[in-house]
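Chemist: The structure is given below, and queries will be raised subsequently.
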Amino acid sequence: MIVPPDSAGFPEAPAIFAGEDLLCVRGERAIFAGLSFRLAPGGALLLLGPNGSGKSSLLRLLALLLRPAAGRLTWGGQAVAADPEAHGGRCHYVGHLDAIKPVLALRENVAFWAKLAGAGETHVDRALKAFALAPLATIPGRMLSAGQKRRANLARLIAAPAPLWLLDEPTTALDRASIGVLEDLIARHRAAGGMVVVSTHQDITLPGATVLALDHFAPDPSRAAGLFLEDEG
């Protein structure tokens with residue numbers, strides 16, 4: 001049975017995470033505009049849309065790896081841009097590329113995240129057990145299969161507690177059993193007051209999730225053109 005750390009283990013208590021009238025621009029192309037959301041403790045957002053609609057860009061924006069061209073993000077009513085370090089400590093961004101160091105053993109990779117969060121070896125043990133990785137603990141990252149790397153990357157969700165999970169295509173390379181483990185982990189995280197934003201092309205069970213269809217926020221070309229003219233001026 002998976003038992004992730006409860007809300008008392010979070011570095012910061014969950015609060016309402018919100019975005020208001022967000023505009024995302026990459027290069028000279030507006031990806032989405034006028035996007036707003038409100039995510040309360042225990043909540044989930046499911047991002048849907050065709051390729052190029054901005055699902056990955058939105059997740060990176062929520063992690064402050066990108067900045068909105070307009071609009072703002074708040075945590076508990078306070079602008080997250082005012083303290084990027086604090087926001088980095090309250091969220092896990094798991095991208096579609098696995099952050100596995102090839103020369104480190106699997107356990108060392110997971111322990112790296114636990115150490116950053118101030119968590120101990122018990123968290124690492126639980127993470128490896130949850131994703132059936134304990135037998136592979138001493139295997140170097142470069143020798144892991146795609147599915148094993150993905151499970152190792154997701155194991156940090158248990159090894160390093162954080163209230164906000166931002167998951168980009170988390171089911172990639174996972175078999176049905178591992179997807180079930182992830183679904184259970186997300187459910188327990190939400191029950192403890194945690195929040196999750198998920199982008200996926202595969203079926204994943206997220207009871208009560210708010211669906212955010214990115215193609216509904218396709219930008220008004222005139223608004224994007226106006227932004228570029230202002231920049232040139």
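Glycine is no exception: its Cβ is also placed from the backbone N, Cα and C atoms.
Sharing the record's features from Swiss-Prot:
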BINDING   Gly49, Pro50, Asn51, Gly52, Ser53, Gly54, Lys55, Ser56  ATP binding site
DOMAIN    17-233  domain 'ABC transporter'
Chemist: Can you tell me how many other Cβ atoms are located within 10 Å of the Cβ belonging to Pro50 (ATP binding site)?
Modeler: 9
Chemist: Suppose we draw a 10 Å sphere around the Cβ of Gly52 (ATP binding site). How many other Cβ atoms does it contain, all chains included?
Modeler: 12
Chemist: To test your reading of the ATP site: which residues beyond Gly49, Pro50, Asn51, Gly52, Ser53, Gly54, Lys55, Ser56, same chain only, put their Cβ within 8 Å of the Cβ centroid of those residues?
Modeler: Ser57, Leu214, Asp215
Chemist: Sort Lys55 (ATP binding site) into helix, strand or coil using the DSSP assignment.
Modeler: helix
Chemist: Using Cβ-Cβ distances, find the residues under 8 Å from Lys55 (ATP binding site) that belong to the same chain and are at least 6 apart in sequence, listing them in sequence order.
Modeler: Leu47, Leu48, Gly49, Asp168, Ser199, Leu214
Chemist: Please identify, from the binding-site residues Asn51, Ser53, Ser56, the residue with the sparsest Cβ neighbourhood, meaning fewest other Cβ atoms within 10 angstroms.
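Modeler: Minimum Cβ neighbour count within 10 Å, taken over the binding-site residues Asn51, Ser53, Ser56, occurs at Asn51.
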Chemist: By a simple count of other Cβ atoms within 10 Å, which of Gly49, Gly54, the binding-site residues in the record, is least packed?
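Modeler: Among the binding-site residues Gly49, Gly54, the lowest count of other Cβ atoms within 10 Å belongs to Gly49.
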Chemist: Using DSSP with the three-state reduction, classify Pro50 (ATP binding site) as helix, strand or coil.
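Modeler: Assignment for Pro50 (ATP binding site) reads coil.
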